Amino acid sequence: NASSVKKFILLGLSENQGVQKIYFVMFLFFYMIIVAGNLLIIITVISSQRLNSPMYFFLCYLSFVDICYSSVTAPKMIADFLVENKTISFVGCIAQLFGVHFFGCTEIFILTVMAYDRCIAICRPLHYTTLMTRRVCSRMVIGSWVGAFVHSIVQTLLTTQLPFCGPNKIDHYFCDVHPLLQLACTDTYAVGIIVVANSGMITLICFVILVTSYVVILISLKSQTSEGRYKALSTCGSHITVVILFFGPCTFIYIRPSSNLSEDKSVAVFYTVITPMLNPLIYTLRNEEVKSAMRKLWR
């Protein structure tokens, strides 16, 4: 293509030196919690014989995706707080764009699969073990990876075909589609529509499936005892919390054409850093089985 830009400058979350130092300490702490917390869940699930149900199988993969997802953006952002020239090469920028969409989309699909798993467990408990076999669960995870790969390839190819001839300043802390569209030196209206349709529709369709799953769960709980109802809702509570924290910001960013990049990058912190950090806490604090397995592991 006609691109003359070989590198981009990331403006980051703030240009104030004092604020950047505070952000460095804060986000380094957050990233350490993300890696340590999610690794702890992976080790606990793998080492515990009791945590062998599909729910924990998916939780293990969700934790792995959370580590990868944050690692695409957080280390670069943290390092940039200490340097004046926050540059990223064109190839590095495109690689980061691919990684963000690949792991982000995988997380969306795995959260959707987890909702389906809870729906089957609560609504069809007698058929649960035959419907949700390890083979079926593995296929669902593989499907999530493949679907995310196709989505991110489309986003990446659409962006790399655009000509970039300056300016090269990205008003964000990582390379994403919307900031890059604003820098392209050509009309990006058609590409913008495809990008919104691609990202937005995936988020929206998965969100509809999630809501439908929980509506079916709530309807089926009417016929159960209060004890059974409480147990079912407690297992779903963690998942619902994570879904709201992740889908809310994602839907806000990707189902509409971007107009305010400063606002977008503040919202992006939620789904790239805050949610992956809170996931281990949410799933351990509300789940007695996980807490018991962690205590055994500690001993």
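In case you wondered, yes, glycine gets a Cβ from its N, Cα and C as well.
TrEMBL lists 37-283 with the feature domain 'G-protein coupled receptors family 1 profile'. Taken from TrEMBL, the feature transmembrane segment applies to 22-43, 55-74, 94-116, 136-154, 189-221, 233-255, 267-285.
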Taking contact to mean three or more C-beta pairs under 8 angstroms, with sequence separation of 6 or more, is the transmembrane segment (189-221) in contact with the transmembrane segment (55-74)? no
So, do the transmembrane segment (233-255) and the transmembrane segment (94-116) meet, by the test of 3 or more Cβ pairs under 8 Å (sequence gap 6 or more)? yes
Take the domain 'G-protein coupled receptors family 1 profile' (37-283) and average the pLDDT across it for me. 87
